[in-house]
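According to TrEMBL, the features are:
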| type | residues | note |
| --- | --- | --- |
| DOMAIN | 28-245 | domain 'Anoctamin dimerisation' |
| COILED | 43-77 | coiled coil |
| DOMAIN | 248-825 | domain 'Anoctamin transmembrane' |
| TRANSMEM | 259-286 | transmembrane segment |
| TRANSMEM | 337-357 | transmembrane segment |
| TRANSMEM | 422-447 | transmembrane segment |
| TRANSMEM | 467-489 | transmembrane segment |
| TRANSMEM | 516-533 | transmembrane segment |
| TRANSMEM | 633-654 | transmembrane segment |
| TRANSMEM | 689-709 | transmembrane segment |
| TRANSMEM | 782-811 | transmembrane segment |
Amino acid sequence: QQSGRRYKLFLKRRLRIDKRHQSKDSIFFRDGVRRIDFVLSYVDDLNKEWEKKLERRKEFESNLQKAGLELETEDKKESENGKIYFVKIHAPWEVLITYAEVLNIKVPIKENDIPSTVENPLDCVLAPLRLPDKVMHPEPDYFTAPFSKEKQELYLINDESTFFSPSMRNRIVNYILTRCPYGTEEGKKKFGIKRLLNNGTYSAAYPLHDCQYWKKANDPNCDNERYTLYMEWARFLRFYKEQPLDLIRKYYGEKIGIYFAWLGFYTEMLFLAAVVGLMCFFYGLFTMDENMSSKEICDPAIGGEIIMCPLCDRECEYWRLNTTCESSEYSHLFDNVATLFFAIFMGIWVTLFLEFWKRRQARLKYEWDLVDFEEEQQQLQLRPEYEAKCTQKKKNPVTQEMEPYLPITSQAVRFCISGTTVLFWVSLIIASMIAVIVYRLAVYAAFASLMENTQTLQPISGLLTPQLATSVTASCLNFVIIMILNFLYERIAIWITDMEIPRTHMEYENRLTMKMFLFQFVNYYSSCFYVAFFKGKFVGYPGAYTYMFNRWRNEECDPAGCLIELTTQLTIVMAGKQIWGNIQEAIVPWICNWWGRRKARNNPENLYSRWEQDHDLQTFGALGLFYEYLEMVIQFGFITLFVASFPLAPLLALMNNILEIRVDSWKLTTQYRRPVAAKAHSIGVWQEILNGMAILSVVTNAFIVAFTSDMIPRLVFYYAYSQNDDSPMSGYINNSLSVFQISDFPDRTKPKLNPENFVICRYRDYRYPPDHERRYLHTMQFWHILAAKLAFIIIMEHVVFIVKFFVAWMIPDVPADVKAKIKREKYLTQKILHEYELEKLKERLCQGDKRATEKEFIATEGRMELSRAM
């Protein structure tokens, strides 16, 4: 009966097709009925490997047909350049239902009758941000159950050709392609499309987009989902609109859908952090004129009379403190009491973000039928590469089946090579950072000498101090080194992960993620850690400076503190990475695509086929999402680990992410081939990385406030050393500078010139003066400040951690209404399945089936009652 219905449907549609006038911009076979689920392409190049490749293709395609797939080949004469063959693949109904059961795909059994959530009172206000309901919810919500060939009558199968969505179909076909054998070479069984792509047997393998992105397809059977995604989601002018997550999930699969859901949620949460950070910045801006430290530095009677010790040995001259007037004023923008508030706020914000994301993720799991989805069902399936490379076999203790395995000795050797390689590259980053530090020290003296002796730089000498000039140029140099090392290491990380031969897809992604993240963490953050926690901390004092490699004198901080230099470093690296990332993601694929199809862009659509159009696009690749997550997690580190130094970092991240969402959606919809759909119920190992960075951020920000900013020294002076009740901060600058007698300079470091015959100079530290019995040793105030810094770190960490854990405990990971819906759906789904089984049993009893006993009928009814009770 079903085969008769399919045959009538075939004839009905066949009559509508005039093969002579059929457009090649189609997603169907030549008959206009069978949908193209996947496309393979290859070039017939007559080289030494030609015959071997031909044999592989014949064997592979023959085995695909044996697996039930239907193939249709387009001759190279039909292609635009006359060189490429295209093999179109269609999965018939019998193949789809077989592998839907293997992959445990959930399908509809009944329309969802659970009432929707109560309307949001802010819906009227948020109406301009909403998308049309048909875009947000492209299909009804159903109760679902895993597909079973024996229970086809149970499912809502209205049309076999559309029952499985295109993303499900390409996922099933890809599963077959990755496991289909193509022969035996060198005594080993070879299989999988990936290996055939690597050895050049095929040039590409991809599912088709359903239409052109800028216009709807002429075929009425086409859903035009790509066009809808482009018009409603992938254009920058829609930046203020919500994302059509259900449509993204339907078209690209759950794995890509969950990424855009996370990125959108992260961007929404950044709005709050950006607003608070902006308020802290404005607080610093409006209180600049009230800052007593910068007032004293800029005052000619105070800062103008304080003679500072030279910034470098021999060549540099003595200088007056008020020459750093402008930089001290600007440092107050970020080094003020709001810094402490913002650091604590961001510690709590991170917790709120992670906890609320868990709730959002739980809601998506329910809405996208991922509640019972076990990652192991998909990800713990053996990788084809693992099966191919592991020749030894042993019995699986769970399945009791023989499966390939990698001996312990081989694993140990591979891990040693892998670990040594990673360690070498991390050491290379540290070496490059030391090289940048040496650059800082080497050019610092040159900048100091140049700025003091060049009259043309006098107008900007107040703003562009030697410290700032060195910091800016070193940050730019560091950014270039970061990009070069990053480019090289990406390829090394993939190579060593492949060499380890991970057993499953999950293991592969997790290992690669940890390698890449470790490298990127050291690569991007090492320079910021240096400026925040090492620069200016081990300087010594005039006459007894400390030197790197006994040659270069260690850097000093600006008299107003090191925080402004950390801000400069963070801004250059973070902004530079974001700008370069967007150029790399958007402009490079566009140029490649334009260059690749420059000859075909004027061809009419009936000559430029759908499979050729997609062939000329870029490949998204299995690691496409990995790089997107990595980019965002590195950004997350910038706005959490060092946010105390730059309250505007969340605002920069927010503006970048608004653009990032549209750039990612635009390139995925217009510049890349359609990725193979994949399931995922969470962001995976990235969740643990974010949790780790959230904890580390509390520690780093506490240290930045304590050791990098000037807040603690100012507070100690305010409460313990101030002698002016009317203006408690008066005299702070003079108090924070120690006195050095110029005659105590050793000959090798003593400045060549002293035209004004200065007797003493000042330097930033808390040491006894030269006429004291403990000359040049640390004063008690130094130890008071150090004790206050350590006490502050302990108190801040404990307060923030207590609040974080309390907030995390207060916010449940799964919303109460979602829990109730999950239980309700499970109950109704079990009831439907049991009723179906009961009806089948009744039919068997009525037909006189001896195997269907009365006891079996009573047991089935009892199971239904038990299910209701549960």
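Cβ coordinates are placed from backbone N, Cα and C, and glycine is handled just like the others.
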Interface present between the transmembrane segment (259-286) and the transmembrane segment (337-357) (three or more C-beta pairs under 8 A): yes
Close approaches to the coiled coil (43-77) from elsewhere in its chain (Cβ under 8 angstroms; 6 or more beyond its ends): 29-30, 34, 83-92, 94-95, 98, 173, 176-177, 180-183, 193, 196, 199-203, 609, 611
Two-stretch contact, the transmembrane segment (633-654) and the transmembrane segment (782-811), at least three Cβ pairs under 8 Å: no
Within-chain partners of the transmembrane segment (467-489) [C-beta distance under 8 Å, separation at least 6 from its ends]: 327, 425, 428-429, 432-433, 435-436, 439-440, 443-444, 447, 451, 516, 519-520, 523-524, 527, 531, 555-558, 564-565, 568-569, 572-573, 576-577, 580
For the transmembrane segment (516-533), sequence-distant contacts whose Cβ falls under 8 Å of one of its Cβ atoms, 6 or more beyond its ends: 422, 425-426, 429-430, 433, 436-437, 471, 474-475, 478, 482, 485-486, 489-490, 493, 562, 565-566, 569-570, 573, 577, 626, 630, 633-634, 637-638, 641-642, 645, 689, 700, 703-704, 707-708
